[in-house]
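Asks: Sharing a structure below in structure tokens format, with a few things to ask.
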Amino acid sequence: MRRLFTSESVTEGHPDKIADQISDAILDAMLEQDPRSRVAVETLVTTGLVIIAGEVTTRAYVEIPDIARKTILEIGYTRAKYGFDGETCGVLTSIHSQSPDIALGVDKALEVKTGEEVADEFEALGAGDQGIMFGYATNETPEYMPLPITLAHKLAMRLAEVRKNGTLPFLRPDGKTQVTIEYEDDKPVRVDTVLISTQHDPDISQADLREAIIEHVINPVIPEQYRDDKMKILVNPTGRFVLGGPMADTGLTGRKIIVDTYGGWVPHGGGAFSGKDPTKVDRSAHYMARYVAKNVVAAGLADKFLIQLSYAIGVAKPVSIMIDTYGTAKVDEDKLLKVITELFDFRPGAIIKKLNLLRPIYRKTAAYGHFGRNEEEFTWEKLDMVDELKRAFNM
């Protein structure tokens with residue numbers, strides 16, 4: 001059976017991603033001074049204005065407006081003619097402390113309060129909220145990610161690269177990408193459509209822009225094995241994209257959760273990542289779920305693997321754990337679930353410790369996806385549990 005599947009990504013200059021990066025830059029600054037900071041920071045960006053609000057409990061002191069401006073300038077909004085400029089935009093803040101009712105459940109999990117479990121203070125952290133988290137991996141790409149979102153991210157990263165290194169100096173920071181892949185019997189066989197929408201200077205023609213994007217962005221990214229003469233290419237299909245960024249669209253933290261994860265290939269529990277410290281299971285449990293899924297697939301236990309976790313606020317252990325191999329399991333699935341629960345500790349404190357999450361690593365995650373990347377900061381992408389998983393099945 002043949003079918004088409006599409007995923008999108010956005011550049012770091014997209015308004016929603018500006019907001020994500022500001023929120024995570026603030027989180028990083030606080031974690032750098034106080035690794036136990038409790039942070040939940042939301043950002044709104046619009047024409048000439050940044051609004052930052054949230055709940056923070058920390059010993060750190062950071063200049064939030066300075067962090068916001070620095071982030072905006074690093075993204076590339078450096079000139080007033082772009083309609084948004086890190087030097088001149090206004091920055092408003094409204095930050096207060098974390099609710100003591102929430103802190104009550106996070107600081108000491110229900111299991112500790114009822115005497116069910118004895119643990120040190122850090123291991124006894126309760127989940128910062130209820131929620132549903134999914135982790136996924138597939139062997140269809142070296143990144144163990146679905147091909148559509150992988151290529152969409154690479155195109156978005158390439159757009160930023162050729163803008164910043166001067167290869168295409170007429171590009172501006174805002175941009176979006178979209179890739180449609182044709183699958184046959186659940187295997188990717190070709191790229192059906194590539195869509196690039198990129199902000200640009202007013203004096204570049206549509207024809208010249210299209211030619212430059214094909215030569216310097218699309219051709220270096222799309223693998224030859226997936227190209228054919230039927231591949232459709234769309235570049236700025238409206239014909240013009242001069243007004244962009246926060247001047248054209250308001251941006252908010254947490255509005256690109258599908259871009260951040262698996263491109264719509266699997267379900268999403270709804271919780272966003274950026275601006276949240278790792279006691280928030282919206283973030284840390286998603287990372288742990290990806291870590292489990294990637295190691296399971298890399299160990300050869302399944303070709304595709306999905307795990308769902310759910311939590312209750314103030315309770316350390318997950319309420320439920322579900323797995324799905326889509327019929328690709330090479331081992332007994334009941335045993336696989338049992339092995340996973342024995343090898344991996346899904347309590348928030350244990351996740352934070354295992355993945356070393358109390359570090360200022362989050363700004364980098366806030367653009368081009370949280371998964372499928374091999375930089376040092378992305379500890380949830382490590383394959384250091386493959387051997388243990390194999391041993392559990394005598395492989």
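Using the three backbone atoms N, Cα and C, a Cβ is placed for every residue, glycine included.
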Asks: For which of the residue intervals 76-86, 87-97, 98-108, 230-240 does Swiss-Prot record region 'Flexible loop'?
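Replies: The range carrying the region 'Flexible loop' annotation in Swiss-Prot is 98-108.
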Asks: Taking the region 'Flexible loop' (98-108) alone, what is its mean pLDDT?
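Replies: The average pLDDT of the model in the region 'Flexible loop' (98-108) works out to 54.
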Asks: Here's one to test understanding: among the binding-site residues Asp16, Glu42, Glu55, Lys280, whose C-alpha is closest in space to the C-alpha of Asp249 (ATP binding site)?
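Replies: Sorting the binding-site residues by distance from Asp249 (ATP binding site), the top entry is Asp16.
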Asks: Which residues, sitting 6 or more apart from Lys280 (L-methionine binding site) on the same chain, put a CB under 8 Å from its CB?
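Replies: In sequence order, Ala40, Gly128, Asp129, Gly271 meet the Cβ cut-off.
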Asks: Starting from each candidate's C-beta and looking 10 angstroms out, tell me which of the binding-site residues His14, Arg240 has the most other C-beta atoms.
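Replies: The residue with the densest Cβ neighbourhood is His14.
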Asks: Could you state the CA-to-CA distance between Glu42 (K(+) binding site) and Arg240 (ATP binding site) to the nearest Å?
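Replies: The Cα atom of Glu42 (K(+) binding site) is 31 Å away from the Cα atom of Arg240 (ATP binding site).
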